[in-house]
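Written below as structure tokens is the structure these notes are about.
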Amino acid sequence: NSSSVKEFILLGLSENQGVQKIYFVVFLLFYTLTVAGNLLIVLTVTSSRHLNSPMYFFLCHLSFVDICFSSVTAPQMISGFLVENNTISFAGCIGQLFGVHFFGCAEVFILTAMAYDRYVAICRPLHYPALMSHRLCGRMVGVSWAGGCLHAILQTLPTALLPFCGPNKVAHYFCDVQPLLHLACADTRAEGLAAAANSGVISLSCFLILVTSYVVILVSLRGQTLAGWHKALSTCGSHIIVVILYLGPSTFVYIRPSSDLSEDRSMAVFYTIITPMLNPFIYTLRNGEVRGAMRKLCRR
């Protein structure tokens with residue numbers, strides 16, 4: 001790396017000192033809830049003998065990814081509210097960029113695997129045990145992690161190799177491809193398009209797979225009793241909410257070569273902080289089995 005920039009300054013969400021103190025309290029609370037809530041789900045699922053279906057296996061991995069995903073961006077951002085200049089080293093910045101895309105992409109793939117699980121459970125209930133074997137679920141999660149890693153390498157490597165010689169103020173609260181491309185001392189149009197295509201293709205194709213799986217599920221429910229509808233929708237409802245909250249904003253940010261970074265920042269708060277915090281609530285509030293297992297765990 002021939003660049004002269006040794007560190008970057010993250011501009012964060014606001015320049016206003018008063019607002020920053022409020023943000024500090026709010027986001028510290030959000031982050032604490034994210035780690036505590038998701039950790040509780042991981043512990044509940046791994047310690048309960050009853051929660052051994054594929055749905056909970058995926059949920060456990062989703063919660064683990066959420067803890068990691070939030071931890072890549074939130075602590076740096078929260079500590080930044082208290083200091084004058086929120087600096088991050090060049091290596092730290094590239095590491096953060098890798099982490100955001102690695103865990104973010106793994107989350108998209110795990111959500112897609114969960115949709116397939118729901119599809120099989122509702123549309124092929126008799127074949128469910130055969131189709132969703134432990135081995136297949138393990139492979140799906142393995143592929144999700146590997147896919148996330150490959151995607152992160154493809155996003156990080158071209159950015160890390162760019163020359164950075166001038167301004168070092170990143171117009172974001174974490175290092176991401178577009179804000180860094182704005183700072184590079186080179187023509188980055190090709191890298192910008194490649195990054196948008198890579199992230200855009202992944203989020204859009206997974207989004208379409210998810211939507212299609214739900215359309216198929218709804219079509220297959222025609223002629224069902226009201227109870228059948230209710231059961232199917234209650235298992236899918238929480239998943240649909242999470243998909244909209246997570247994939248909606250992230251698709252919006254990554255599918256277009258970015259011009260307005262402040263818009264991206266406010267959108268990014270959704271998928272890096274708010275959705276990981278809400279996941280445990282969304283999944284436990286609608287699920288009696290998880291709530292029961294949590295109670296047992298707390299009693300112990």
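Each residue, glycine too, has its Cβ placed from N, Cα and C.
Per TrEMBL, these features apply:
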- 22-43: transmembrane segment (TRANSMEM)
- 37-283: domain 'G-protein coupled receptors family 1 profile' (DOMAIN)
- 55-74: transmembrane segment (TRANSMEM)
- 94-116: transmembrane segment (TRANSMEM)
- 136-154: transmembrane segment (TRANSMEM)
- 201-221: transmembrane segment (TRANSMEM)
- 233-255: transmembrane segment (TRANSMEM)
- 267-285: transmembrane segment (TRANSMEM)
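Of the candidate ranges 22-43, 94-116, 201-221, 233-255, 267-285, 94-116 contributes the most Cβ pairs within a distance under 8 Å of the transmembrane segment (55-74).
Sequence-distant contacts of the transmembrane segment (22-43), counting only residues of its own chain at least 6 positions beyond either end whose CB sits under 8 Å from a CB of the stretch, comprise 13-14, 59-60, 63-64, 66-67, 70-71, 74-75, 77-78, 81-82, 273-274, 276-277, 279-281, 283-284, 290, 294, 297. Beyond the ends of the transmembrane segment (233-255), by six or more residues, the same chain brings 55, 104, 107-108, 111, 114-115, 118, 121-122, 195-196, 199-200, 203-204, 206-207, 210, 214, 217, 264, 267-268, 270-271, 274-275, 278-279, 282-283, 285-287 to within a C-beta distance below 8 angstroms of the stretch. Here the domain 'G-protein coupled receptors family 1 profile' (37-283) has a mean pLDDT of 86 out of 100. Within the chain carrying the transmembrane segment (201-221), a Cβ under 8 angstroms from the stretch's Cβ atoms is held by residues 105, 108-109, 111-112, 115-116, 118-119, 122-123, 151, 228-229, 232, 236, 240, 243, 247, 250-251, 254-255, all 6 or more beyond its ends.
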